[in-house]
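All remarks here apply to the structure that follows.
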Amino acid sequence: MFAQIARFEARYQARNPVFWGAVTTLFALTFAGMAAEDIRFASSPSVRENAPSSIAGAHIILSIIFMFIPAAFVSNVIVRDDETGFGPIIRSTRVGKFDYLIGRFTGAAAAAAIAFLAVPLAMWAGSMMPGLDPATVGPNRFSDYALAYLTLALPNIFLASAVFFALATITRSMLGTFLGVIGFLVLYSAMIGFIAKLPHLRATLSVFEPFGLAAFQDATRYWTAAESNAQMPALRGALLWNRLLWSGVAVSLLGLAFASYNFTARPKRVRSRRKGMLPEENAAAPQSLASTGTVGSQPTFGAATARAQLVARTRLDVMQVLKSPGFAVLLVLALISAITLLSTVGYRYGTPSIPVTRHMILWLSGVFQFFTLIIAIYYAGELVWRDRERKFHEILDATPLPNWAYVIPKTLAVFLVLLSTVLIGVAAAIAMQLINGYTEIELHKYLLWHLLPQSADMLLLASLAVFIQALSPNKYVGWGIMVVYLVFQSSAGDLGLEHNLYLYGNAPELEISDINGVGSHWLGALVFRVYWLAFAVLMLVAAHLLWRRGNETRLKPRLRSAPARLNGATRMIAAGALLVFVGAGAFAYYNTNVLNTYRTSAEKDRHLAESEKRFLKYEALPQPVITHVELNVALYPEETRAVTRGRFRISNLTDQPIGDVHVRNPTPELDILAVDFPGARLTSHDEAFGYRIYTLDQPIAPGDTRELSFETRRWQRGFRDSGDDLRLVANGTFLDARGIMPAIGMSRAGLLEDRAARRTHGLLPELRPAKLEDVSATARNEIGGGWATADITVSTQADQTPIAPGKKVSDLVEAGRRTARFVSDTPILTFFSIQSARYAEKHRQHAGVDLAVYYHPEHHWNVDRMLDALGAGLDYCQASFGPYQFEQLRITEFPAYAKFAQSFANTIPYSEAVGFVADVERSDGIDYVTYVTAHEAAHQWWAHQVIGAQMQGSTLLTETLAQYSALMVMKRLYGENKIRQFLKFELDRYLTGRGEEAVEELPLVRVENQPYIHYQKGSLAMYLLQQRLGEDAVNRALRAFIDRYKFKGPPYPRSVDLIELFRQQATTPEQQELITDLFERITLYDLRVQEPTAALRDDGRWDVTIPMAAQKLYATGRGEEQDATLNEEIEVGLFNAEPGTRAFAESNVIVIERRPIRSGDQVVNFVTHTKPTHVGIDPYNFYIDRNSADNVMRVP
């Protein structure tokens, strides 16, 4: 009987439209992920789309998304028989409880498992598409798909089925199951956030994550592309325990469902339906048989009646939602979700951010998006189909209620539910602010930046959900159509449908900042929302016209009767909405496509590719260098307009005459209005790309100079479909030189980078820098410009402070404008910034330098810390590398539209999102405010005194050396223990970055602008170098490097020049080998402790024995590894607390010594007076160890 029931249920589900909708959606989504360029299952561009790890990851992710399908199947099993009245018949037969209940579950879960087979089939089929880039796919192996399905997806489907089957069994309600789905998602999101917040417990906590995603990520976290392309994660360790644990939980839940199910009793809800009528049925029932009016009176149906009907129906639908226990549970779940996720806001290096309102809003906007989609889809189906499911529709449809009295109340009810979750999110955000001691509650920001735009978005979503349900033959089809539509919406870009005019509910992103608010970006967001709200009204009119009455659910008959329902009022509403829709759409089109240039992603790629094909051939052409620049920059912040008039002195620093000068527009944001080049004629002007070639009447001789004048304008008129100018704003303008003046010569900056797109357009897969051996590349430096003096005048609004490089020599306010002049006689790179905002400022004199922070008045928290860090950075770098070249060093805050800090000559623009709101005082994490500030201050030496050639290794000379300088400053300020915490973060990010490499990993000396190498590996390499050579020796080499290349023009230095200076400081063969390993090879270690012991001696001391294993590896750029001989002295230590944790201090060190370590197994012994709690090899993470978690072990 069990098998027969299971087969019956599986066949029943297979005939269900939901089954085929799930199969179709899953297949389409997965196929699109394989065939579309914008959706990737692979972890990095170097990992193939059908690599074993990609297949495994896709199965886990899609099984999490898929959990709604098992929920629909298994909950339907329990509720269906009682709702159809077939339950009592079954219970009267000889069918046993186990056969009935578990048989039904097995059949439904099997249907879900069969439906999920669409995923591996779609991946296989998608990988065979002829148009795919061959470099992104490899051979298909059946075993990879089978293992992923059986070990990763199937247990997840079983778990989801068991969870929601148990819920449905206990609640006997689809609503209960739906709330269970939401609750499960909330708890799951909270768990993922919790795991991310505690990286040191990641391996342990991953066992308890239900779907195996955390365990999978932990197992593959440090895999290289070669490993990801070759192997599946082994079913062992945390991943194995995870699968066993949650399979056991699923079985337990099945047991709970079986035990709680009363096979002989009818569910309370069904039994009481006739006993206690629903509110709607009560409302429709006659209250009295007595006459209450005059015989022959006629009802009236005027405007007043219509309003009363609307109010009554709205009250009915809304109150039914509000009074339902499910709504209260939903709000509680929303609150839990918000609080949990908001508690992780803004963490960097283990340090939280001050919970400013901007942070809260940004997180709220992302947190509830998926949550609200589910709610809208579910509640729209429930409200629209409620009357029919309760067999009340025939009575209700026979009343004279107009169709809009159904449509509008149900839309408002769904909207209310959605709005409630938004309000709960705001309440949670305010609560989190107060809990964390932040009392500046800015309700106006919550209202204008979040509630109003979110309310419009929620109304759009509610309208769409009700409209689709109004047209659908049943609610399950309506749910399926909504899911299909959402899949289409997410992949529409692959069809070229990217414009907000085409995609329902889309609008330009509302960028927010404490400094600039929403600036002028609100206009585009408002216009597009008005446009789509008008369309939503048209949809609701259509829903009114097509609303089903009686038993007719087919669409065709309703379409035939729709024109008769288009009466006067409805016609006027439709006409008004259409007028607004067309008017707003025309206004949006005028702004996005007429006032501004609109291009799809494909058109942008094509444009960049064409630029490269036309002009990259000029890159190596000798060109003059700007040696003096004079600018007059007139900023009009409220108009988002800047006009620049300037003059260059250009010099020929090559050894040959230059006959042609190439003048280029470096950014589409800029218009070059005029160029005046005496003694030259314009021989070529490509207006599409802003590229001019001037032929000189007399070539510029080596060492000779010429002058060139120009006028430019930067002005965004109106609003764009996306990508508004975020640099030139009403308050907080931040422009670099490339945004206000033309460039000399061709540069590859800003060219097409995506490898697949490059291949599509017939370009080389990668646009890589010159090889280290290409000496000709030393003619150009890393940024492509040269050293110049500057005289820059900036004018802006009278209430703003203008900033430019150099010493301020004048500052006047006249006629509502403030004008300041800045002069730099010290050479600077033609890579500088212009800023203007309503700043507060704080100055401090330090070692003859004016240190200053220009900041938003509300962001005062870390200003003193930044000044301290600037002073500490100056002290260390001047003492170690040489004098600072300017009289001033300033930090200038800019809006959070971008999230970085960047060092220009004597000026450091610093985003409000990075350090100004860091909550360092209340945290024992890394003081990244000091670290970032010291790093940027160090660039005044490493970039602004010495800059490398435009070739491999250039960022070693800037970013890696700035990292080293900041580390040394941090070591002096906080001691080595904080550095150990920092290095642990850097090690994790470096090893993770290796697996995300798009091309190939290179040794540090050949780094090609690969941040995980020049930042993270650079930190580790330089710290170990100064540990082994000595800090003084390393600094002697760096000082010699600056002395040799300070402000030097071509030929610019190479990374090998620095390495040679390091080698001169190395006094032993071991140190020379270390330099080779750190800079010229990709070297990894595997150092681990194995079951240490401590035995008490007769003299009261302790014999500590530490068995350990050690391995050294050399890796290729693709991640293939080979053994190398390990013969080094490495730190081994005993401790009474775990190193690297926040609570660890110097007093916890019992002993630490460098011991000779060889390849293979070995034992290290200590005799101490104290029994250690922990022992470790390389406990402070000086070495690049692929699994540093086993370096330290507790002593039993």
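One-based numbering along the chain as shown.
Each Cβ is built from the backbone N, Cα and C atoms, and glycine gets one as well.
TrEMBL lists 56-79 (among others) with the feature transmembrane segment. With a threshold of 8 Å between CB atoms, the same-chain residues lying at least 6 positions outside the transmembrane segment (56-79) that come near it are 9, 13, 18-19, 22, 26, 29-30, 33, 41, 43, 104-105, 107-109, 111-112, 115-116, 119-120, 123, 144, 147-149, 152-153, 156-157, 160-161, 164-165, 167-169, 172-174, 177-178, 180-181, 184, 188, 211-213, 216, 232-233, 374, 476.
Per TrEMBL, transmembrane segment is recorded for 100-126 (among others).
For the transmembrane segment (146-168), same-chain residues at least 6 beyond its ends with a Cβ under 8 Å from one of its own Cβ atoms are 52, 55-56, 58-60, 62-64, 66-67, 70-71, 73-75, 77-79, 105, 108-109, 112-113, 116-117, 119-120, 174, 176-177, 180-181, 184, 210-212, 216, 232, 235, 243, 246-247, 249-251, 253-254, 256-257, 260. The transmembrane segment feature in TrEMBL is assigned to 146-168 (among others).
Residues 64, 67-68, 71, 75, 163-164, 167-168, 202, 205-206, 208-211, 213-214, 324, 326, 329-330, 333-334, 336-337, 340-341, 343-344, 370-371, 374-375, 378, 382 of the same chain, all 6+ positions outside the transmembrane segment (175-196), place their C-beta atoms under 8 angstroms from a C-beta of that stretch. What TrEMBL lists as transmembrane segment is 175-196 (among others).
If you look up TrEMBL, you'll see 244-265 (among others) marked as transmembrane segment. Listed by sequence, the residues of this chain that lie at least six past the ends of the transmembrane segment (244-265) yet keep a Cβ under 8 A from its Cβ atoms are 91, 97-98, 100-102, 105, 155, 158-159, 161-163, 165-166, 169-170, 207-208, 210-212.
Residues or ranges marked as transmembrane segment in TrEMBL: 327-349 (among others).
Per TrEMBL, transmembrane segment is recorded for 361-381 (among others).
According to TrEMBL, the feature transmembrane segment maps to 412-435 (among others).
Among residues of the same chain six or more beyond the transmembrane segment (447-469), those with a C-beta under 8 A of the stretch's C-beta atoms are 357-358, 361, 364-365, 372-373, 376-377, 379-381, 383-385, 407, 410-412, 414-415, 418-419, 422-423, 426, 475, 478, 481-482, 485, 504-505, 510, 512, 518, 525, 529, 532-533, 536-537, 539-540, 542-543. Here TrEMBL flags 447-469 (among others) as transmembrane segment.
Sequence annotations record features per position, and here TrEMBL assigns transmembrane segment to 476-493 (among others).
Positions annotated as transmembrane segment by TrEMBL: 530-547 (among others).
Feature annotation from TrEMBL assigns transmembrane segment to 568-590 (among others).
Marked as domain 'Peptidase M1 membrane alanine aminopeptidase' by TrEMBL: 882-1048.
Highest Cβ contact count with the transmembrane segment (327-349) among the listed stretches 100-126, 361-381, 412-435, 476-493, 568-590 falls to 412-435 (criterion: pairs under 8 Å). Long-range neighbours of the transmembrane segment (568-590) within the same chain, counting only residues 6 or more positions beyond its ends whose Cβ lies under 8 Å from a Cβ of the stretch, are 404, 500-501, 524, 527-528, 530-531, 534-535, 537-538, 541, 544-545, 718. Counting same-chain residues at least six beyond the ends of the transmembrane segment (476-493), those with a Cβ under 8 angstroms from any Cβ of the stretch are 16-18, 21-22, 24-25, 28-29, 32, 36, 38-39, 72, 373, 377-378, 380-381, 384, 464-465, 468-469, 502-504, 600-601.
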